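Feature annotations, courtesy of Swiss-Prot:
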type	residues	note
ACT_SITE	H331	active site
ACT_SITE	K333	active site
ACT_SITE	D338	active site
ACT_SITE	H659	active site
ACT_SITE	K661	active site
ACT_SITE	D666	active site
BINDING	D186, H370, H404, E720	Ca(2+) binding site
BINDING	H331, Q520, H659	1,2-diacyl-sn-glycero-3-phosphate binding site
DOMAIN	1-125	domain 'C2'
DOMAIN	326-364	domain 'PLD phosphodiesterase 1'
DOMAIN	654-681	domain 'PLD phosphodiesterase 2'
Amino acid sequence: MAQILLHGTLHVTIYEVDNLQKEGGGHFFSKIKEHVEETIGFGKGTPAIYATVDLEKARVGRTRKIKNEPNNPRWYESFHIYCAHMASNVIFTVKDDNPIGATLIGRAYVPVEELLEGEEIDKWVEILDREMNPIAEGSKIHVKLQFFDVSRDPNWERGIRSSKYPGVPYTFFAQRTGCRVSLYQDAHVPDNFIPKIPLSGGKYYEPHRCWEDIFDAIINAKHLIYITGWSVYTEITLVRDSRRQKPGGDITLGELLKKKASEGVKVLMLVWDDRTSVGLLKKDGLMATHDQETEQFFQGTEVNCVLCPRNPDDGGSIVQSLQIGTMFTHHQKIVVVDSELPSGESEKRRILSFVGGIDLCDGRYDTPFHSLFRTLDTAHHDDFHQPNFPDGAITKGGPREPWHDIHSRLEGPIAWDVLFNFEQRWRKQGGKDVLVNFRELDDIIIPPSPVMHLDDSETWNVQLFRSIDEGAAFGFPETPEDAAKAGLVSGXDNIIDRSIQDAYIHAIRRAKNFIYIENQYFLGSSYDWQSDDIKVEDIGALHVIPKELALKIVSKIEAGERFTVYVVVPMWPEGIPESASVQAILDWQRRTMEMMYKHIVQALNAKGIEEDPRNYLTFFCIGNREVKKSGAYEPSETPEPDSDYIRAQEARRFMIYVHSKMMIVDDEYIIVGSANINQRSMDGARDSEIAMGAYQPHHLATREPARGQIHGFRMALWYEHLGMLDETFLHPESEECVSKVNRMADKYWDLYSSESLERDLPGHLLRYPIGVASEGDVTELPGAEHFPDTKARVLGTKSDYLPPILTT
């Protein structure tokens, strides 16, 4: 049967299976011993029956296990599934769970073509065995399905049409109005760095300074300071700009938090407990998180610092529990404090929150200059970060690894949602009940309330999103029905918040003109990768974001409209670039890019358009190269001969590490958070994540392009990366703009990768060093099989021993 594109939303309810019993009352399960799937088995106990929903080989839903109804398991579970899949059938698979793996009972098939009209289908479907014969007693599964094609969505390709836009549906947190958002590029921006960027209403864009604002927020807190991090390092200082000194600004973060706790402020910290401190990836030179040092630093003080492992929920198999506990992380980066009211008039306090990609740890402080060598005796002398060489050290000199990142400050009702997320996590894993009791502070801390009038042109609407499950958050509903009402997804006896992925999908589907992405990773939609040398069903990077982007571009090509997607990623994921894990991730990235380009090339060919697919989808990395100046820092040692380190030092170049997790749509909507574009971050049951999606209702791209704070922020980022601003940048979807940006990035790549260098690189944005062949295959650039100064393949290498769950 031919496969058909299902692009939209599929509502599915799985009710029950009848008659799992053979004639004469004998137990059905004795019949299926020979059909054991993926089972080592510890001896069978009570049958635990569950059902899954698959679109061909992509698993898109799973029920809980039913233990005491082996003959007639009843689930009555509903699923809200975002699809971007080619499929001929929606497949319902019924299995019996084992401690390791599961036993196949059978599969039921509903042809996709029955769904295309959008009618509700409610029926009993025959369950078949592997040979497509009915299983014993003609057992059936009762299901209900209804498909809503994306083109019927009132928001499809129409952007945010008014301030009445209610936010992303089916989520745990509702959208909040009357908020204020501050957007941060990098940990610090020096004075006078950003040129005049005009906004609507005769205003100009003003940059904010992340670590200075966090320093001020901590210093001024009187009741609470709550912090979560993948890493928190006590030895860093937050204020380092000699032109912008603050009283007490030279204090380390650890001493600052101890000082605040001694003043009676409740300081609570949840820091990821890195169980792989001795694990699989250690040899790849991945950065230590300092979790043990941080815990020891605060022992015996009034700071409550809890090392927090990524514990699985209780419902998984033995294998799943091992995977979650050792492979996945707590990745949220938040700070929540009490703060004075904006007017500063009364003694009352409010809640203020920070959310984004920047951990409060070493290696994160940087400015848009991203110097490799020139800050080694100043801002980075005591904070030298270079984990891409096995022996990177300040004593051996640069290049250090510069760090580009994005963060946000949230004020108004949205700040309380971030607080509630912290409280849920603390109640689950924090141990002692030492959270601030807000009832006792009723007369001091005001309840959630707007900080901006709704008719103020600078007001924001903001919504909080997460990837997290009940293994990491307290108080999730216990039944699938209640979970669905709360905007959560039920899995294998696990309740999951997967709203970050949902937010990306909704934003991409709404997009009208362009999308700008900065992310540390870019891989996914593995169900649509080419399967020449892999079994795609074994990869499991099933989130749909790359496929949604490709389908958006295709829909615009078919409609004869311009649309451009810009993606900025690091040259390679942090670590030794030749190592197996880094090479495996680059291989997944290449497959993801190739899947997207193949769709674009097919759409262009179908319309008879001869155009470079990079005019529709274009990938960049960022890097720097600096000539040597007199009086520069001189290291006392030299790196190993014939190493990546010495080659990079002599060529005076290195990548700028892109750690951002951001997407801007049409200059009107922005997502900022901790979540990467990979399965770990988007899954919900793997790494824990947090993000916010926001827009200014008075600055929408309805009749003319949006020119609010999001536009100003994007232009500031483009100025940082390109070293200049241009009129064409006002219309990123235009062929003039994408051609200019691609030309500049090509030129900067040539300068970056050339043998010699006359002067500093004029801009940082580099073409990602790949080519796109006529059929959409991703190829090496001539002479660029390896990244400069390394022996690491740009296109990556498939790993034969690292499990995909680790690298996707």
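From the backbone N, Cα and C atoms, a Cβ is placed for every residue, glycine too.
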Recorded positions clustered about K661 (active site) [Cα within 10 Å; pool: D186, K333, D338, H370, Q520, E720]: Q520
For the domain 'PLD phosphodiesterase 2' (654-681), sequence-distant contacts whose Cβ falls under 8 Å of one of its Cβ atoms, 6 or more beyond its ends: 159-160, 183, 230, 328-329, 331-333, 355-358, 370, 372, 398-408, 465, 467, 500, 503-504, 507-508, 510-524, 540-543, 545-546, 568-572, 574, 621-624, 648, 687, 689-696, 699-701, 705-708, 710-711, 713-714, 764, 787, 808
E720 (Ca(2+) binding site), number of other Cβ atoms within 10 Å: 24
D338 (active site) in three-state DSSP notation: strand
Distance, H659 (active site) to H331 (active site) (CA atoms, angstrom): 12
Between D338 (active site) and H404 (Ca(2+) binding site): CA-CA distance (Å): 28
Candidates K333, D338, Q520, H659, D666 (recorded positions) - the one closest to E720 (Ca(2+) binding site) by CA: H659
Separation of alpha carbons, K333 (active site) and H370 (Ca(2+) binding site) (Å): 22
Mapped DSSP class for E720 (Ca(2+) binding site), helix or strand or coil: helix
Cα distance (Å, whole number) from D186 (Ca(2+) binding site) to D338 (active site): 24
Across the domain 'PLD phosphodiesterase 2' (654-681), average pLDDT on the 0 to 100 scale: 98
Inter-residue C-alpha distance, D186 (Ca(2+) binding site) and H659 (active site) (nearest angstrom): 10
Euclidean distance between Cα atoms of Q520 (1,2-diacyl-sn-glycero-3-phosphate binding site) and K333 (active site), Å: 15
For the domain 'C2' (1-125), residues assigned helix / strand / coil by DSSP: 14 helix, 69 strand, 42 coil
H659 (active site) versus D666 (active site) - Cα distance in angstrom: 22
